[in-house]
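As structure tokens, the structure follows; a few thoughts come after it.
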Amino acid sequence: MPKSVKPISESDKLSDHLRDSSLTSEINKPDFRELDLGSPVSPLRSQPRGLTTTTTTTTTSSSSSSSSGSVTGRIKHAPVIGRSNSVRSQSNSSSGNNNLRPRSDSATTSSSSHSQPLLSSSSSSATSPAPTSPANVLPTGNICPSGKIQITGMTQSRSRSDVLGSGTGTYGHGSIMRGGGISPAKPTNTGGGSNSPVNVGSSSRSSSTVATGETPIWKKAILGSDSEEVKRVGNEMYRKGLFNEALKLYDRAIALSPTNAAYRSNRAAALIGLSRIGEAVKECEDAVRSDPNYGRAHHRLALLLIRLGQVNSARKHLCFLGRPSDPMELQKLEAVEKHLIKCVDARRVTDWKTVLIEADAAIVSGADFSPQLFMCKVEAFLKLHRLDDAQSKLLEVPKVEPFPVSCSQTRFSGMACEAYIYFVKAQIEMALGRFENAVMAAEKASQIDPRCNEVAMLHNTVTLVARARARGNDLYKSERYTEASSAYAEGLRLDPCNAILYCNRAACWFKLGMWERSIEDCNQALRYQPSYTKPLLRRAASNSKMERWGAAVSDYEALIRELPHDKEVAESLFHAQVALKKSRGEEVLNMEFGGEVEEIYSLEQFKSAMNLPGVSVIHFSTASDHQCKQISPFVDSLCTRYPSIHFLKVDIDKCPSIGNAENVRVVPTVKIYKNGSRVKEIVCPSKEVLEYSVRHYSG
């Protein structure tokens, strides 16, 4: 039916003029934002004329008719008629030229910043543009003329989300569309005849479907026989961050077309999204073998190899055409290479502090998934006797499984990369006293790189040290302490920094009554492993045997901080404190090891407790007070850590006579008595102030 001709308004002319001068429909145009220049009054939007965009609906049959899906506009109170758009193609659809078809490309990694498509989205057949939807219609009024008017979102300040589209053109970082939360989808064309409806951005999907990504489209694609269609839906899943679903679809596409390099490259992209870097490398290598001239697979493989710290292999793939495919990535590669060289040089001269600096710099420069660089930091911490840092850094080492065959034989600091990982692991296992694990790790390193002298020497050392330690343990259990000490000494000759062997030999000296030598070995063990509690306990016991009560109390106090609930340590500390007081001539009559806070129920009981010799700490509280509830557990812990002090608790609600006698008006209040005299009163104490006061008066 012919449309009636309406006079063109001034806003229409301005809109057409700006649209014609600023908007184009170039296929390879970078990411863009549609510019609406209609009436600033209405929130409704109309279909811009002369533009082809990625469609949000699809044709349902091969006939000339098609239906447009409706979408929700950006203004919630005003419904909008959805736009039916045509799919981007490499040819000009108006001229009917279908000779040019886009080449199938694969996904880029998230870390790259180059103007290539995110995922391969080539179509297996040409598609027809959908009919243009009617323009929005406004009611007549004195502001806008009646009839059809170009409407804009010019007055809207609300931000719109960026949605990855599915066009076939080269858009830079994928096909980025501007929208209000609706995911666009291009028409499904299975190549035969009719197109299947696609409603990827439908707001009516259930939350469970959105969470899993297993939509009807996904289920249909996974059973499909058209590899291009399967790949297209896989790309949609990838763009939404549904990497598991995308991976399954790429697997299906590869099963249908095993020699297609783009499918394998896309599968690698999904694996990268799942942090399965080792598998992604293998997939890229398979893609390159399938199509040695496929630049996208070479580029993605180069980026992965940079992340793994494999700079030589990465350069080969980055410059496979004789020149770098991405100058920015080449700069990243060169930065990683520079710091790697400095790191290896510093390791060669055992400058472990520089090793830490350069390894960190290489990781920050781009080698953020390199196991050998992380293990190099572990080794540096170990050599600097910072075992706690080495252990925590060991947990951060990236797991590359399976380790790529092409990477395993490349060299790092003179040994195979994979062998170096086990080389360091053997050292840290031995330092922690897990000798059997150390032997297995050293054997693994030796199997991977049997010709490396450094690996062979470590394997021999670890094996001999483990044997010496096992022999020493057997002799110690048989109470042959002198022979056991000799066995441990043999292990220390091979590994002179092993805290476990020093501690074991100290135990032998203790049993033989050689307290001074026991203390010396404990000092050595603590030098190499400061947080190791066993040598601290043995040194405290040796100091007690030699009646060095001050040193013994100091060691036991350090132990009680590490082991606050250990009753044996608390009791040993109490006896050492009593002995120290006695050696100073202080009165120690009737001092008993308590270990628990004593609750007072009567004024007579309170007065009796005040007359006890030594230091008494009284905690005045009420059961209902929040601050009292917070401080009570801390008072209990102080009682365990300072066993020579009497800790008493008074609930002034239950015993108001005591509160009145002591003039307690605010809780919590702590009073400290020494030999029956009050020396300190603290109202609402903090934990720090309370502990400082207790420690001060316990000495």
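The backbone N, Cα and C atoms fix where each Cβ goes, glycine too.
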| request: Quickly, which of Ser42, Ser128, Ser133, Ser632 does Swiss-Prot have down as phosphoserine? Just give the residue. | output: Ser42
| task | State the residues, same chain only, that lie 6 or more residues beyond the ends of the repeat 'TPR 4' (419-452) and have a CB under 8 A from a CB inside it; answer 'none' if no residue qualifies. | result | 371-372, 375-376, 378-379, 382, 387, 390-391, 394, 397, 408, 412-413, 458-459, 462-463, 465-466, 469-470, 495, 497-500, 528-529
| task | Would you mind splitting the repeat 'TPR 7' (534-566) into helix, strand and coil residue counts from DSSP? | result | 26 helix, 0 strand, 7 coil
| task | Count the residues of the domain 'Thioredoxin' (605-691) that DSSP assigns to helix (H, G, I), to strand (E, B) and to coil, and report the three numbers in that order. | result | 33 helix, 26 strand, 28 coil
